[in-house]
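In what follows, a single structure is set out as structure tokens and then discussed.
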């Protein structure tokens, strides 16, 4: 007769099953908390630094657009009507002196070409990997910079801008994915925020170069500004030749488990990578069953990711930051500052943005995404209301803001930019890059980049007209959007801090709202 503790008895078998399930659950929870084996390796640091230079391309183009658009020599050559209206027509309102659709097309043409290029980049990134897309992006951007810098008429200038846009379409598609997939889980936020940090380095470099060259009376000033975009492009292009492909991409495109393992061992600095490899194998198995990722992402179970792929880049643009970034020199000239002082003010603003983005890199994996989104949003709203109020009461259609208000205006814009610098700036790139399952990751990133470019085009093309018609109300307009999107993130974005990238889909199943949709 069998005793109650006989291993073959139902009671003991049940206990064994319970212990096995508990152990499996504990192991899963351990991995979900980011307990993959490994350490920070110098190889990952160097690879991600090279890839993040792609952000410098984006930032430089943002910074240089507004800078050269306010330079007299550039306006005289390509936009003489705008220059005449700015310098000689005293009947035009302060808010309307730069209202030219042709001038704004100089900025938005880059993002129009980037929009279309991002769809081609999606196919290349998914089929051939992240590294080839980075290489194509750097090459196209390098050629575009040289063409724009050598432009002899408006048509050649636009060709150069279009090539620059192609470069951005590919690099913005591939670089955030590369960073999020290469980074160790517990440092993913910091590494991914490195993209936005490089955006700010690029923009600050553009502001410094335009400030240093604006005194040149010849065309060399704006030519140096535009051609200098080729420097980060050359670094990215050469660096991409030596980058290692991500293990996620290798597993998605091939069945070579050994190659994926060897890459993981190299980038994690340990041979104990089985837990992470198992997650990659599982994710790649699912991804290979998906023939049409753009159709797949519309399914109900991916609804939260699709909503965020659209909402986050849209909200990132309606913060009004690109209006400030593109046209900061123009805005300060609107308030009565001279050309040199306007460009210097833009340098100060960009330095503040870069500093706060660096702070975000240090704290995002400690405090989480939602806290930074909320605090930054509140800070941005308060400063936008204050800036709008000063302009509404102190700046009329003619004349300028008195010197007593010039410095407070600059300080308030710095407060606004700092709020953006540690919230919507870096997190607007980080969160979308880490929330998509492997099978829809390339498609999701394409949608995110496409929405970003589309909204950037709209803002770039309409802002000067909006400034002309809404005047100081433009800051209240953007402030209203910041209120809405801060509430949206607080309610509908779950925390993804320390969640492994191939397990991040579980946060939607545990969220108070999204679990009703995804189950």
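Cβ from N, Cα, C; glycine included.
TrEMBL does not curate its annotations; it predicts them automatically.
Since the structure is predicted, the reported quantities are computational estimates derived from the model, not experimental observations.
Look at TrEMBL and you will find 47-497 tagged as domain 'Major facilitator superfamily (MFS) profile'. Positions annotated as transmembrane segment by TrEMBL: 40-60, 102-122, 134-156, 221-243, 306-331, 343-364, 371-393, 405-425, 446-467, 473-493.
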Distant-in-sequence neighbours of the transmembrane segment (40-60), which means Cβ under 8 A and at least six residues beyond its ends: 134, 137-138, 141, 167-168, 171-172, 174-175, 178-179, 182-184, 187, 191, 194-206, 228-229, 232-233, 235-236, 239-240, 242-244, 266-269
Distal contacts, the transmembrane segment (405-425) - CB-CB under 8 A, six or more residues away: 196, 199-200, 315-316, 319, 321, 324, 328, 332, 335-337, 345, 348-349, 352-357, 359-360, 363, 372-373, 375-380, 382-384, 386-387, 390-391, 394, 485
Segment confidence, the domain 'Major facilitator superfamily (MFS) profile' (47-497), expressed as mean pLDDT: 85
For the transmembrane segment (343-364), distant same-chain residues with Cβ under 8 A (at least six beyond the ends): 63, 66-67, 70, 189-190, 193-194, 196-197, 199-201, 203-204, 207-208, 210-211, 214, 324-325, 328-329, 332, 337, 372, 410, 413-414, 417-423, 425-427, 430, 497
Positions whose Cβ lies under 8 angstroms from the transmembrane segment (134-156), at least six residues beyond its ends: 51, 54, 57, 78, 117, 121, 124, 162-175, 178, 223-224, 226-230, 233-237, 239-241, 243
Proximity of the transmembrane segment (102-122) to the transmembrane segment (371-393), 3+ C-beta pairs under 8 angstroms: no
